[in-house]
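Asks: The structure that follows is given in the form of structure tokens.
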């Protein structure tokens, strides 16, 4: 029997708002998904087309996240590791090995061999699949934020610290979904730029 190797990746470490997402995917060698690549190299339309194929054909997959509150309490690195652990723990099928994009392996509870692979999202199919699921889930959250908080432009900048996003925070105030531990948000709070309750 083939070893069940789980790929793990995250999305949303750099934004000023929203959760950080992680996905874990065990691909089925009998049902390959063509066109997998690092989610950052794919168009949004291509990611949206691949995500349901991954979910349908994978042996197992799980998307998990850490909240804004957890990010602010733990820091972004530890919150990312927490989201990755939750994603692996949520798999319906236990993996035989875990491969994580990047240079750190989270403290998985499972006693399973795990290794970090730098640029794994571009070289390991299961990690590419995980990067696509994490990114599409994160993008979906940003569309929800855009609908809930008009004027901030979440659909366009996806929460990243663009000039337009920082200007919106300065103009409209800090929202409950903003990461208060991140520099630009912290500076706005220091200036008293708290948004009205939504």
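The backbone N, Cα and C atoms fix where each Cβ goes, glycine too.
Remember, predicted model here, so these are calculated numbers, not experimental data.
The domain 'RNase H type-2' annotation in Swiss-Prot covers 3-194 and is backed by sequence analysis. Annotation source Swiss-Prot lists divalent metal cation binding site at 9, 10, 101, citing sequence analysis.
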Asks: Including all protein chains shown, what's the count of other C-beta atoms within 10 A of the C-beta of residue 9 (divalent metal cation binding site)?
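Replies: The answer is 30 other Cβ atoms.
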Asks: Let me make sure I understand the structure: which of the binding-site residues listed (10, 101) has the fewest other Cβ atoms within 10 A of its Cβ?
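Replies: If we count Cβ atoms within 10 Å for the binding-site residues 10, 101, the smallest count is at 101.
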Asks: Specify all same-chain residues, apart from the site residues 9, 10, 101, whose Cβ lies within 8 angstroms of the center of the Cβ atoms of the divalent metal cation site, ordered by sequence.
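Replies: Other same-chain residues near the divalent metal cation site: 8, 11, 22, 23, 84, 100, 102, 120, 121, 127, 130, 131, 134.
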